[in-house]
Amino acid sequence: MGVTKAEAVASDGGKVVDDIEALADLRKEPAWKKFLSHIGPGFMVCLAYLDPGNMETDLQAGANHKYELLWVILIGLIFALIIQSLSANLGVVTGRHLAELCKTEYPVWVKTCLWLLAELAVIASDIPEVIGTGFAFNLLFHIPVWTGVLIAGSSTLLLLGLQRYGVRKLEVVVALLVFVMAGCFFVEMSIVKPPVNKVLQGLFIPRLSGPGATGDSIALLGALVMPHNLFLHSALVLSRNTPASAKGMKDACRFFLFESGIALFVALLVNIAIISVSGTVCNATNLSPEDAVKCSDLTLDSSSFLLRNVLGKSSATVYGVALLASGQSSTITGTYAGQYVMQGFLDIKMKQWLRNLMTRSIAIVPSLIVSIIGGSSGAGRLIVIASMILSFELPFALIPLLKFSSSSNKMGENKNSIYIVGFSWVLGFVIIGINIYFLSTKLVGWILHNALPTFANVLIGIVLFPLMLLYVVAVIYLTFRKDTVKFVSRRELQAGDDTEKAQVATCVADEDSKEPPV
């Protein structure tokens, strides 16, 4: 890509511009065209808020509390938009994604632990998605869940093959799956016809009435912000050719914020539809005793049969298609996140298909084993375990993100204002606190109500207490450790290059101005 002498000396505010992308930026391309070029990463990321794990939590919240917890989803997705925008801004400004920054910033033993935890988070996030896809195949084609798990893995690899044709093609496929899922649940909602006034009240009037409302609201919030999503978003934005100028980066951050807002608004509507469908069906006056028992412990597997029994076969088919779109699209983004985690922390150079196969196999193996041995009920319990692991994992991705996005060493002149930094930290620790509470209550509840003998529970408590203490110490270390590595941002690199090239351009101009020898 050649640059003419005139382009070499073109300037914007006295700064030399030496590449065609920067010159195109100077030509004032319409804002709507720039925005369209930034659409994609937000829809990939929003799938973490529409995965089968979230669907199961939504179904339980609707069955137990009707529409009363819709406000939790609204607040949770507003929180998620703020956190995801921090992740996108970090990638745009630094030119590196979160895993790469962690690798450079932390000592070997810390970054090794963070890498292992990130890999575990990817696996844990992928388990509900793979199992949810297996349930969908079981519902639609009446095949065993373990067979559906195998099909889910192979079909995901085929879809990931679209990367050969560019990331934009894969983003289009994922966006289509999102809208298929949305369409299916809106069809379900039109069949059920929940009362609009009750839905709006649940959305805008906070209430925590009835037994278990606090626990269910915590589970809803805990299922929203996913650790692997923070790595993924900061990496996906790097696929766009963002100018290194201050204006170019500012525009990119704004466009990614708008795009994420649109995608998460779609996710909000889908979550509202799921809770409304579940709340209406499970609280109907003509509900049979058999269906009432199913509503008391609603899972992805049992909810499909419930909807089929109550609403008819066609509605159950629509639910199965929605579950299939949710699981399949979410497994794509989970595998994609695993690629960036491995590349960022380990800097491993391997062929893309091999990395996809490794990431996919790691997630499929536990799901396959449990679904073969434990069947549908065992697979359902594995989803609960996976959600607990993700709650445990969140601080080890969220705290580095908050540290880096509020650090002048990393963000330079693009560092967030003191108000955004303060609000982000408060928000981050609220989310972390909710997840720790969710995790601890689940563990304590399991210890108190399992069928193990007393001495076994005592031994488990003796083992868990030091681990919980170590967990708290690790969170404190990451929070208060001072950043030691200063990054040269893309803006500063551009400025340094411009100074050098300005000297070259001046020399060229001087040579051109000399009179030729006689």
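Even glycines carry a Cβ here, placed using N, Cα and C.
Keep in mind that TrEMBL annotations are predicted by a computer and have not been checked by a curator.
Taken verbatim from TrEMBL:
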TRANSMEM  70-94  transmembrane segment
TRANSMEM  106-127  transmembrane segment
TRANSMEM  139-160  transmembrane segment
TRANSMEM  172-192  transmembrane segment
TRANSMEM  212-232  transmembrane segment
TRANSMEM  253-277  transmembrane segment
TRANSMEM  316-337  transmembrane segment
TRANSMEM  357-376  transmembrane segment
TRANSMEM  382-404  transmembrane segment
TRANSMEM  416-438  transmembrane segment
TRANSMEM  458-480  transmembrane segment
Contact ranking winner - 172-192, 212-232, 316-337, 416-438, 458-480 against the transmembrane segment (70-94), Cβ under 8 Å: 212-232
Contact call for the transmembrane segment (253-277) and the transmembrane segment (172-192): at least 3 Cβ pairs under 8 Å, seq gap 6+: yes
Using a threshold of three or more Cβ pairs below 8 Å, and leaving out pairs closer than 6 in sequence, do the transmembrane segment (382-404) and the transmembrane segment (106-127) count as in contact? yes
Six or more residues beyond either end and a Cβ under 8 Å away: which residues meet both conditions relative to the transmembrane segment (382-404)? 52-53, 56-57, 83, 86-87, 90, 94, 98, 101-102, 105, 113-114, 117-118, 120-121, 124-125, 127-128, 131-132, 219, 222-223, 225-228, 230-231, 234, 299-300, 366-367, 370, 374, 410-411, 424-425, 428, 431-432, 435-436, 438-439, 442-443, 471, 474-475, 478-479, 481, 483
